[in-house]
Amino acid sequence: MCRTVLIVDNAIVVTDGALVRLKRGQDRTHAAIRSAERPAWPLFGATVIASLAFMPIFLAPTESGEYCRSLFQVVSVSLVLSWLLAMSQTPVFCQRFLKGPKAIVSKDPFASLPYRIYSGTLVWCLRHRLFCVVIIIGLCVLGVIGMGKVQKRFFAESSKAQFFIDYWQHEGTRIETTSAGLRRVEDYLATLPEIKNFTTIIGSGPPRVAVTITPEADNPAFGQIIVNVHDYRAIPALQEKLDAWFVDNQPDAAPKMRSYKNGPPADYMVEARFSGPDPAVLRRLAESAKTILRDDPFAKYVRDDWRQRVPRWVAVYSQQRGRDAGVERNDLAQAILQATDGLPVAVYREGNELIPLRVRSVIDEGLGIPSPESTPIWGTGTASVPLGQVADVSGLSWEDSIVRRYDRRRAITVQSDTVGITYDALLARVRPKIEAIPLPRGYTLDWAGEYELAVKGDEGVQKYMPLTLMMIFFILVALFNGFRQPVIIMLVVPLALVGMVTGLLLTGQAFGFMAMLGAYSLIGMLIKNAVVLIEQIEFSIKKGVDRHQAVVDSSVSRLRPVTMASATTILGMLPLLTDPLFASMAVTIMFGLAFASVLTLIVVPMLYTLFFRVKPL
């Protein structure tokens, strides 16, 4: 859609030039040729600048850059083709379809009421330009202040009619117990009319069905249900219903409802990562952070990525006693395996499926080994030997079965999703409290989740923004063979912030990666309008027109193409307002362009008269 609204600008400029020349009495062929010939190189430079605005996304070495990298390539090719077609095909269509000068009544192409209103407004602003400049600066300051009020969201959720139920039992739970719990969930899902169908995976995550999905590692305590619904708009209410069902029917489980994301995924929206050497200290810090999050009404699914500790007992094999009893270390290992998970002895084939057969000791349910010392071990002798005869068995203890690392240091991550607010809003509520937790020496706190992805995505793009701005400035210097004109054009860019912030606040949309892409599109559009306007002013001055009159006449001549380009762009963005992924980008472009285009027609002439010391009449 960005490509579509950008490529019409060149054709609009050429067509408007042909219409103006026809109203001045020129023949169709001459009007069509001159309308494309005169602004050819300024339009080409502006077209290149519009494509360069997307270059930081192409160069960004991040996941979000990889996700949107093709945008720069598609936009660049499309814009160059649009310039070629505007220079070659648009004049042909103008010559063929526009009416000749005999059908034109008035020789003055700017005699209508809209032109006269704009001309009068512009003349007044030029006479009071210092006052108007102060007003514009004040609006920009308000835009910066308002940007702090805009919600932040990295990527919006997808409109895909599908979501996931991540199902966790206590760490160390046998897969049979996990399977039984998931069957109860399936029975409940089958009663819900909103659900179309579902698929359950036990012990691991599914294959990576989408680039934005990261499968879970193998774990017998984990299962996942992929749920398809009839209407994606029913997903939020359905997830709330499922959360309430789990609280009432499976309070021992730890479920998590997860929707598709349009972009690089984060495991949880808000994550606090504690790093340090001692697991016990890390556990204590994580519990303090989880307490803060649980006390916040806008946080849900509060947990950590080390999960629960699991029971552990250790049998230390004694070589001397084992040799005396005829029991080797491998015999001890097989006896323990037979008493717990079962000893694999064969494989049963049923169709294309291989089912392992295991031999397991008959023991009580629960811990699995009620009396470790009495576990029988068969060695080289004719009778079994109790485990306690050949090994020293320690008492029952608890250990961390999952110990994660980040940058080669032990790190535990406290995780939470949000309820009814964006990640930055919850982060603003809990960050001061979590950062107030005293950290022992050698321990650090970092923020992960969507915040980390957004920061890395923005930094990856902003890293190449100075290079992009430098290239844009050099192109402008080459176009105008001077420095003042490029400075005027670059000063116009911040004007888009006012309309952009106004639109985001009025519609309640969050500023995320797609909104940032819309802002880059705005840069190209505004610079193109300013380039053609200043080029027209310089052309009129070279023809000998009074400088003030040249500023006014040139600005008036640009009223129709600027408003037409803005109107077509805004109308082209209307269908995207209902799309979850592109809504923020559409709002950014629509409001930013509507506001900045009006100001461009006022601010560019004012800045030109200030920089070139043109006195108003």
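Here the Cβ of each residue, glycine as well, is placed from N, Cα and C on the backbone.
For 40-59 (among others), the entry in TrEMBL reads transmembrane segment.
Taken from TrEMBL, the feature transmembrane segment applies to 71-94 (among others).
Per TrEMBL, transmembrane segment is recorded for 130-148 (among others).
The transmembrane segment annotation in TrEMBL covers 464-480 (among others).
Residues or ranges marked as transmembrane segment by TrEMBL: 487-507 (among others).
Summarising the annotation, TrEMBL assigns transmembrane segment to 513-534 (among others).
Under the heading transmembrane segment, TrEMBL lists 562-583 (among others). Within its own chain, the transmembrane segment (562-583) has Cβ neighbours under 8 Å at 1, 4-5, 8-9, 12, 16, 155-159, 262, 507, 509, 514, 525, 529, 533, 589-590, 593-594, 597, 600-601, counting only residues six or more beyond its boundaries.
What TrEMBL lists as transmembrane segment is 589-611 (among others).
Contact between the transmembrane segment (589-611) and the transmembrane segment (487-507) is supported: at least 3 Cβ pairs lie under 8 Å, counting only residues 6 or more apart in sequence. Counted as Cβ pairs under 8 Å, contacts with the transmembrane segment (513-534) are highest for 40-59 among 40-59, 71-94, 130-148, 464-480, 487-507. Using a cut-off of 8 Å between Cβ atoms, the transmembrane segment (130-148) and the transmembrane segment (40-59) share fewer than three residue pairs, counting only pairs 6 or more apart in sequence. Among residues of the same chain six or more beyond the transmembrane segment (40-59), those with a C-beta under 8 A of the stretch's C-beta atoms are 6, 10, 13, 65, 68-69, 71-73, 75-76, 79-80, 82-83, 86-87, 461-465, 467-468, 471-472, 475-476, 478-479, 517, 520-521, 523-525, 527-528, 531-532, 535. Outside the transmembrane segment (487-507), and at least 6 residues removed from its termini, the chain residues within Cβ reach (under 8 Å) are 136, 139-140, 142-144, 146-147, 149-151, 469, 472-473, 476, 515, 518-519, 522-523, 526-527, 530-531, 534, 583-584, 587-588, 590-596, 599-600, 603-604, 607-608, 611.
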